[in-house]
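Trainee: The structure under discussion is supplied below as structure tokens; questions concerning it will follow.
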Amino acid sequence: MVLKAGLIVNDGKELAVQTASSVQEKLEKSNYEVIRVSSSGGMVGFANPDQHVRPLGYTNCVPEGFDSSMEFAIVLGGDGTVLSAARQTAPAKIPILTINTGHLGFLAEAYLSNLNEAIDKIITGNWDIEERTCFIVSVMRNDQRRWESLCLNEMALHREPLTSMCHFEISIGRHAPVDISADGVILSTPTGSTAYSLSAGGPVITPDCPVVQLTPIAPHSLASRALVFNDSEPVTVFPATPERLVMVVDGNAGCYVWPEDRVLIRKSKHSVKFIRLEDHEFFQVLRNKLGWGLPHVAKPNK
């Protein structure tokens, strides 16, 4: 029986393209039908933010042939490629093996140094799945959905250059609205807590916590701090600013948000299924990638 596998490649990087060819050859020798696509298919409106209306919704990012019959998909690229690939695979419930050919590789499971071993493990079925929560980010105007995307890391809504500070009214479930004056706001998943939100002063959240994090960007108040709340609460952001704002999702999807729009964020029924080839200890990843918990002064060897 012929099995089916996906290959999602950052085709703008020569190293990823070259590696993809060798991975595809190895899979085909193991009786896999390989469907190879570009990770650019997961980028939503990023290059053309004026192209606002996307009536088909976020499931339109899933490539042809990526369905329930696919055993897994291998992602070749950096963290940005993984974020794009998440939109291409999560709605179809396809597990992904992330192989880093980029820089930091915070979301990577394997590297070029252990590529052959990783491919052997995935072919023999020697792997587990870790699920990560996603949000659905929708731009609404009255009752019309004007734009929508799946979000693994964060949604950032902020001012354009050379414009003044922004004002937001944020509604969280049935709670009283929150008013924030800042350069922007970030709403992140636990996975995204180590990305843009961390740089803006938000806390690190372990991936298994069912929460949302709201982090202001350069707030104009000493009392304005990051807020963490249950992810069962839908969030609506109302821009109270006369100028248009820029919304960016996961660093590679986005559009303009106008004063008459509102941004709705809610937990998605689709999660990203990461393939784990070995024990994935989160604190160890923090230590290795971000230097968390390292001593400030080197200790002498015994």
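Placement of Cβ uses the backbone N, Cα and C atoms for every residue, glycine included.
According to Swiss-Prot, the protein carries these features:
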ACT_SITE  Asp79  active site, proton acceptor
BINDING   Asp79, Gly80, Asn153, Glu154, Asp183, Thr194, Ala195, Tyr196, Ser197, Leu198, Ser199, Ala218, Asn252  NAD(+) binding site
Trainee: Give the maximum pairwise CA distance in Å, whole number, for the residues Asp79, Gly80, Asn153, Glu154, Asp183, Thr194, Ala195, Tyr196, Ser197, Leu198, Ser199, Ala218, Asn252 listed as binding NAD(+).
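Mentor: The widest Cα-Cα gap among those binding residues is 25 Å.
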Trainee: Please identify, from the binding-site residues Asn153, Ser197, Ser199, Asn252, the residue with the sparsest Cβ neighbourhood, meaning fewest other Cβ atoms within 10 angstroms.
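Mentor: So among Asn153, Ser197, Ser199, Asn252, the binding-site residues given, the one with the fewest Cβ atoms within 10 Å is Ser199.
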Trainee: State the Cα to Cα distance, in Å, between Asp183 (NAD(+) binding site) and the residue listed as 'active site, proton acceptor', rounded to an integer.
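Mentor: Spelling it out, the Cα of Asp183 (NAD(+) binding site) and the Cα of the residue listed as 'active site, proton acceptor' are 25 Å apart.
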Trainee: In this structure, which of the recorded positions Asp79, Asp183, Ala195 has the fewest other Cβ atoms within 10 Å of its Cβ?
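Mentor: With the recorded positions Asp79, Asp183, Ala195, fewest surrounding Cβ atoms within 10 Å: Asp183.
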Trainee: How many Å separate the Cα atoms of Ser197 (NAD(+) binding site) and the residue listed as 'active site, proton acceptor'?
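Mentor: A Cα-Cα distance of 16 Å.
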Trainee: Measure from the CA atom of the residue listed as 'active site, proton acceptor' to the CA atom of Ser199 (NAD(+) binding site) and give the result in Å, rounded to a whole number.
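Mentor: Cα-Cα distance, Ser199 (NAD(+) binding site) to the residue listed as 'active site, proton acceptor': 16 Å.
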